[in-house]
């Protein structure tokens, strides 16, 4: 059977107290609705329809995915009305309904769920709670068959005691939806068209209503305010941390790691507290990451040590490198094996060769540095003239003395030396020495100025 996924994302989210549409608030650095789109994509649906309303243009601009169609719900008249807006875009045999503010539903749960659906079966995802307050209840008959769902505001005292609740997620045939959605009524406490009323229709028409519960209750938790958003963020991060630890990664405090992207981390990696991993991050075996580091779209080679408070953004780091503390690697930086970038060093769009050292207080931009180069403290590559960027080349074995300025474009040759305090504006040949500083003048018996 072909599958269409309908994602309801039209709500304003008044309790978020935000100009941003609710479904665009992020969990792990990604909009909630994008989490749902990505989970749905694991099912390889023929079609995904997102029902939008409040802030629709923002939502459309923020979501990525293949074969996504958009249906507008101009008036917020309930979940049944929302699904009805999607139906003109649905031609597939089966329809799965998901919610843009329920971001942690797992692909494996969805796969098990849709596997229960056929022309004669409607699947309903439920959950049993100790405290079901606020949720619609699942009403069953004496043979344990699902009869209907009753919303809390419409429930009797007996129905309020039921602990099995509706999560809102359901799947059924397109034909059933096309036949049943026009029959929904808004004659209820909310004055809305409830999607949940379809369950009674299905039961009365002889459809088998099959229920399934997720392995983890938080998979179906929704977000209505920032407190709930923060709670799901912590749940997500804890789940990611536990997966890493089971895969052989040491986390010195699992509650103080944030993953905001797609990470691949090998075994025997050690990660200290308050580390943030964003975007696409690959970390090979034996890497040690100190506290308060941020890695964004970075590849880190085996055995590398990253000291505290280091930012690595869009960089490739080789094996057995040493970084930090307080280093900043900006996009386009590539370090060969055994390179060292020390404290208060910034690099950008530069290659640093094998075994080269840039240990202290230095800016390396638009540069190509060979093997075994030593760059002294306070060195600046002057790469920008206010309009254009130029390259600095330091060839193998070059030695740059402290407090030097290298005015690009400039090349320092193989095994060449630049004396400390120099401003270099011309190329230096292989094995040469360049010293470019004013002559020292000493004044004997100098009297300092006095105040007043």
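Glycine is treated like the rest: Cβ placed from N, Cα and C.
Cross-referencing 416, 420, 444 against the acetyl-CoA binding annotation in Swiss-Prot, which names 377, 383, 384, 402, 437, picks out 420.
Residue 402 (acetyl-CoA binding site) sits 73 Å from residue 151 (UDP-N-acetyl-alpha-D-glucosamine binding site), taking the Cα positions as reference.
In this entry, 377, 383, 384, 402, 420, 437 make up the residues listed for acetyl-CoA, with the farthest two CA atoms of the set 22 Å from each other.
Remark: secondary structure over the region 'Linker' (227-247) totals 20 helix, 0 strand, 1 coil, with classes taken from DSSP. When Cα-Cα distances from residue 224 (Mg(2+) binding site) are compared across the binding-site residues 151, 330, 437, the shortest belongs to 151. Residue density at residue 151 (UDP-N-acetyl-alpha-D-glucosamine binding site): 19 other Cβ atoms are found within 10 A of its Cβ, drawing on all protein chains shown. Across the fold, the C-alpha of residue 420 (acetyl-CoA binding site) and the C-alpha of residue 78 (UDP-N-acetyl-alpha-D-glucosamine binding site) stand 73 Å from each other.
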